[in-house]
Amino acid sequence: MIINRLFIIIVLFFVNVNSKIISESTLNSCQGGTIQIAESIPLGLDISTNLSTHDAWMDLITNAQESIDLGFFYFTLLGGSDLDPVYGGQLGIDIFNAIVEAHSRGINVRIVQNEPSESFPDTETQTLAKLGIQVRSIDWVSLVGSGVLHTKLIIIDESSAYVGSANADWSSLAQVKELGIVLKNCPTMVADTEIAFQQYWNAADFTSLPINDWGSNYQALFNNTNMASLSLNNNNNNNNKNKNNDNDGSGTNQMYEMFLAVSPPQFQSTYRTGDIDALMDAINNADQSICITVMDYTPTTLYNDPNTYWPLIDNALRAAAFNRNVQVRMLISHWNYTSPIIPQWLHSLNQVDNIQVRWFVVPDFSTNPQIPYTRVNHAKFMVTEKQSYVGTSNWSQDYFTVTGGLSYNVFNNDFTNQLQSIFNRDWNSPYTQPIQNF
């Protein structure tokens, strides 16, 4: 850890002198590091995965040596405690207990969450705070005007991290389909991710946000024009149990380029790429294929009254398909809480040559009663022939302009092939339905 901290100090020194000049020591500095895809597969689905979100989080937390930083919308890891064990509530209990155990062995644990509400109370984080764990809440509406802190972020020892769709919720481990990226032993990239966490952590004490200048302490180390170059081992497909996953992955060290993007614009510190800019770059740079999995998609706002039109992403997808003959495939979630404004836009997209849209429908659990706000594909990712985008945001204006979120953007052929295999697995699964069905 002394080496990791020294490395981060060196990187920050070079960046603060000139954020466009990155020390040569940052290149290949993740020797021995790994990158993996972690998934939650709802119980009862006939889909296999190499690494579950539960196992990834347990590995990160139980192996922490010095620090654990957690940034989440809310915490309901114990929410399944009173349910029949068949629902999988124990998975959330495991994570909660691992956090408590880490604190008890002297690990510095920090939690930042959205301001609690009646819908998302802070019962569990109050319990953790009483044990001595540091907990802060961001009054997001006061700082931004609307929206929430919607991020899902774990940082361990300033050298390992998780970014993805899974909430700190037992159902995100057992009853909801999720996907995220796990980085281990990669202080280069995690140093940059830690900057985003520090923004959240300190913003909890702000009465207003900095206007156009977060200061040099928050300058991004990398962005979409100056990416981190990393030597990482990707063993996602070792011992692959899914017969539908046709990529066998070598598990050898390869060079990766990668950067972190953030939303909303109010949290874009100097040199930081905006999440919407990263997403748009991926679409606009695709020459052959764009495959998208996201829970909600609409070229509008989703939470305003009235909602307003925002065709930025929609126009880019249509242009890619029509002007460049890019093959676009979209898997959008349909569940009990799908907004009634969403289907019309998907039906329209599906009429465009080279665009195919399908619903992904997670069937009800085999045991009653059914648990509200579960049984849905909550993953948020895009893969093109060139890159992978894995984020925390749904695709409507609100998530990019007023809501707190992150994305990891990865450039590596093997990793892209693996994410593409996951998309293909889901696209060809029995859980998709024609867009015309709803």
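Cβ atoms here come from the backbone N, Cα and C positions, even for glycine.
The signal peptide annotation in Swiss-Prot covers 1-19 and is backed by sequence analysis.
What Swiss-Prot lists as N-linked glycosylation site is N50 (among others).
Taken from Swiss-Prot, the feature domain 'PLD phosphodiesterase 1' covers 145-172. Sorting each residue of the domain 'PLD phosphodiesterase 1' (145-172) by its DSSP state yields 3 helix, 13 strand, 12 coil.
The active site annotation in Swiss-Prot covers H150 (among others) and rests on sequence analysis. Every protein chain considered, the tally of other Cβ atoms within 10 Å of the Cβ of H150 (active site) stands at 22.
Within 10 Å of the C-beta atom of K152 (active site) sit 25 other C-beta atoms, taking all shown protein chains into account. Annotated active site per Swiss-Prot: K152 (among others), in sequence order.
Under the heading active site, Swiss-Prot lists D157 (among others).
Long-range Cβ contacts of N223 (N-linked glycosylation site) within its own chain (separation 6+, distance under 8 Å): F259, A261, Y271, R272, T273. Per Swiss-Prot, the feature N-linked glycosylation site maps to N223 (among others).
Secondary structure from DSSP puts N336 (N-linked glycosylation site) in coil. Look at Swiss-Prot and you will find N336 (among others) tagged as N-linked glycosylation site.
In terms of DSSP helix, strand and coil, the domain 'PLD phosphodiesterase 2' (373-399) has 3 helix, 10 strand, 14 coil. Feature annotation from Swiss-Prot assigns domain 'PLD phosphodiesterase 2' to 373-399.
Around N394 (N-linked glycosylation site), a 10 Å sphere centred on its CB holds 22 further CB atoms from the protein chains shown. Summarising the annotation, Swiss-Prot assigns N-linked glycosylation site to N394 (among others) and lists sequence analysis as the type of evidence.
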If you count other CB atoms within 10 A of each CB, which of N50, N336 wins among these glycosylation sites? N50
In whole Å, how far is H150 (active site) from D157 (active site) when you measure between their Cα atoms? 23
Rounded Cα distance, in Å, between N336 (N-linked glycosylation site) and K152 (active site) is 23
Stretch-averaged pLDDT - the domain 'PLD phosphodiesterase 1' (145-172): 98
Have a look around D157 (active site) and count the other CB atoms within 10 A of its CB, chains all included. 23
DSSP-derived class (H/G/I helix, E/B strand, else coil) of N223 (N-linked glycosylation site): strand
